[in-house]
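The structure appears right after this line, and notes come after that.
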Amino acid sequence: MTEPRHESGSAAPQRPATDPVQRQVNLLRDQKRNLDKQAAALASQNEKLVRLLNASRQEIVGLKKTLAAEAEPPATYAVVLQVNHGRRPVGEATGDGPVVTGPTLDVLAAGRRMRVAVSPLVSFGACEPGLGVLLNENYVVVALLEYERTGEVATVKEVVDHDRVLTVGRSDEERVLLLSGRLRRERPKPGDAVTVDHRTGFALEPVTRTDVEQLVLEEVPDVSYTDIGGLGPQIEAIRDAVELPHVHPEIFREHGLRPPKGILLYGPPGNGKTLIAKAVARSLAERSAAKAGRSRPEGYFLNIKGPELLDKYVGETERQIRSIFANAREQAARGVPVVVFFDEMDSLFRVRGSGLSSDVETTIVPQLLTEIDGVEQLDNVMVVGATNREDMIDPAVLRPGRLDVKIRIDRPDREGAREIFSLYLTPDLPLRDEDVARAGSRALAAEELVAAAVQRMYAREPETEFLTIGYRNGTSETLYFSDYASGAVIRNVVDRAKKQAIKTLLTTGRRGITAEHLVAAVDEEFHEQQDLPDTEDSEDWARLTGRRGDTIDSVHMASHRPQGEPGPGATP
């Protein structure tokens, strides 16, 4: 074979065995052999891991079955007293590091206090004091239950610390109880009712006292001063007492004058005392909203009906009064005005030692005085009382500094009755077409109806005489039905006229309220009132007339138509 030659004619040199390309090839072959060995080793390890994983899975399934079997009945009921997170036991040697115990629970089971372990199937984070749990035969917690749903109810008197409260239970027994996990989150306040378990020493859950809540809380009433008729001077006096301190607080501070803390509205029944109290609440809310730049008035009207607070158990009425004022303080602390309105105030706060009742007022009156005096530093709380027996209220309640402003709400006169009738007889009611045509407009026709009703109600005629009062000085006075008129009576008269108009429409087909309907309604209303009150006691009549009973010597009823005879009134 002819060897290749160079151009010069000499033979080509041989390539050495250590050529770089050959070395690279050999290196790659070595790496491949190593990778093959590693792959084989990994495959072997993977097979071992698969076998181990399958074995572990089977073992876990077996353990779960074992744990589940431990939770099967029979089991012991217990209550969690304390949750113990993992920590180093006190007095134990530390060695190379801290010795830590696992999470445990202190429980009370069958009267025994024990420290027990918690099953892995139970969420330890959900364990909290007061909660019910189940223990298996090895005293391991295997299930979480709920709080005891029954038990005695006690009232929180004082919060001792973050996990204890002082409660008052039956027979005024005071006990310090631990708070359950739920109550520790909700933070009970003095006056709150809670269920208690004296066996474990826990206050468990809050209880809503609907007997108090349903009596008191109401948003801003939708009653304004314009909705009240016939009480112009009284409303003006109330607005001066209530609104001026809020509209011009700097002037009052300059003169060293404090706003009044309370108002007493007294006078005959049915003349708008409750409406005035609601209007006061709305007025305060509107003034407060304007001052704070809020578009929507915000406030609260706590309407307390006196007789509903009375309770046969000693101390229960006082507790409810404390709860009411605590509610008022809580709302006032938000910067909104609160009106606490006591209707029928004489039923709660009678003169102490009068002997006219069971003397429960000996403790109720001091409780109210304490609460009113406590309102002194709250600018947003106003106490309003209403009564038609102001002479029966304890003088300590009425003194200046408590109920500062006292306003008598009298029966309406002729002009006042016209204003009240105008609130109920409005042009949008069904009116007779001929009456509207004769008057010229619906508004004028409604005014004519008002005039007819007022004329009949305030007529001084023999048939409208109600009774004759003889005084001890020898004089006498004849009272007419109009002397017993009130806003409630006027509204009832209008309602009677509306019912008569409906009956006329159903029987004759003629639509609309007429003056004849109103006149007949006035007569029927007053004749029904003729025998009320059914008494010869001058004290009762003095209360209705506004005269003092000690000046009245005799009362003689006027003689009118027999009871049950149809009232006068033209046929519509």
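Any Cβ shown, glycine's included, is placed from N, Cα and C.
Here Swiss-Prot gives coiled coil for one range in the set 21-67, 68-114, 256-302: that range is 21-67. Fewest other C-beta atoms within 10 Å: among the binding-site residues Asn271, Thr274, that description fits Thr274. Look at the Cβ of each of the binding-site residues Gly270, Gly272 and count the other Cβ atoms within 10 Å; the largest number goes with Gly272. Compared over the binding-site residues Lys273, Leu275, the count of CB atoms lying within 10 A of a residue's CB peaks at Lys273. Other than the site residues Gly270, Asn271, Gly272, Lys273, Thr274, Leu275, same-chain residues with C-beta atoms no more than 8 angstroms from the centre of those residues' C-beta atoms, the ATP site, are Leu265, Pro269, Ile276, Ala386, Ile409, Ser486, Gly487, Ala488.
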